[in-house]
């Protein structure tokens, strides 16, 4: 679920903290990617028609492999250096949310059977997507694929979003990419949405800057975490009747959930019984993450390994895979060359060129005015 309604809340109240970027603008950047979220998107979108999905000869789904392979190549061709982060064991506080998701999938599965029997194609299309679940096998398949491609894989001890945020805070990567907004709540300095969008449409990447988010909302990081808990997160229920705008107003007015609870109209708002908001806050502030991450390395692809895994084991077209491997090799050479050039060339700050240009403009205008004065207004 992520943080309920946070994107709209930020668009309405902190628009300067968000900006659209071209995919290619992240050339040379290391990006930590929430792998499970990406796999889920691929399973829903790639090669799906109604209930039918891409499979190998054994009938095993391969949509996740097709999506991960193609998207990663596109990232590499754009000069982006992806790091895929996989979920570990979820926190105990997430069990209730996971149970809700399981129940929803069960309901969708039952509704899907009825839709199939009724021949309702639209309902089948919609409900089949709701039954999708990322399995351990899907994760293992993608880890193997990425390692064969020479792309680093990080296995988080717990939440992938928290691990991604930690990598970003420790300057191991430039930004975090996911569709769930949790990474901002975990304190990722830069967060990207739509980087991994699997649709054919070229959707711009939306970049969020957490420092600007706090500045625009006029909140501290602790207050922002409390705001996210009030909006609704994966770790506990929220207070019914309090949406994003009301939550923001209350946090600005009272400063913390404790103070809000002391002043809240109990007749109007029902506070969840034994509400574990403090534990949720602790999970956002002190998540279980890897303290000493090994050096992230991008290596040449294992050509034989890729052909064996994709072509022999999963029925991919050998000619296409061979061409894709050449793309990977070419992209990695291009990305490496770009890094070397940026290393040897001095990079000016963003403000410096603007100041120089402004000075240059003023000088030009002054020279033009001086020339006009000397000309004495003579007509030609």
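We number each residue from 1, going along the chain as drawn.
Placed from the backbone N, Cα and C atoms, the Cβ positions cover glycine too.
Matching 327-335, 336-344 against Swiss-Prot, the residues noted as region 'Interaction with PCNA' span 336-344. The record from Swiss-Prot ties 180, 182 to Mg(2+) 2, and of the options 226, 234, 237, 267 it ties 234 to that site too.
Swiss-Prot lists 71, 232, 234 as binding DNA, and of 155, 159, 318, 326 the one it places in that same site is 159.
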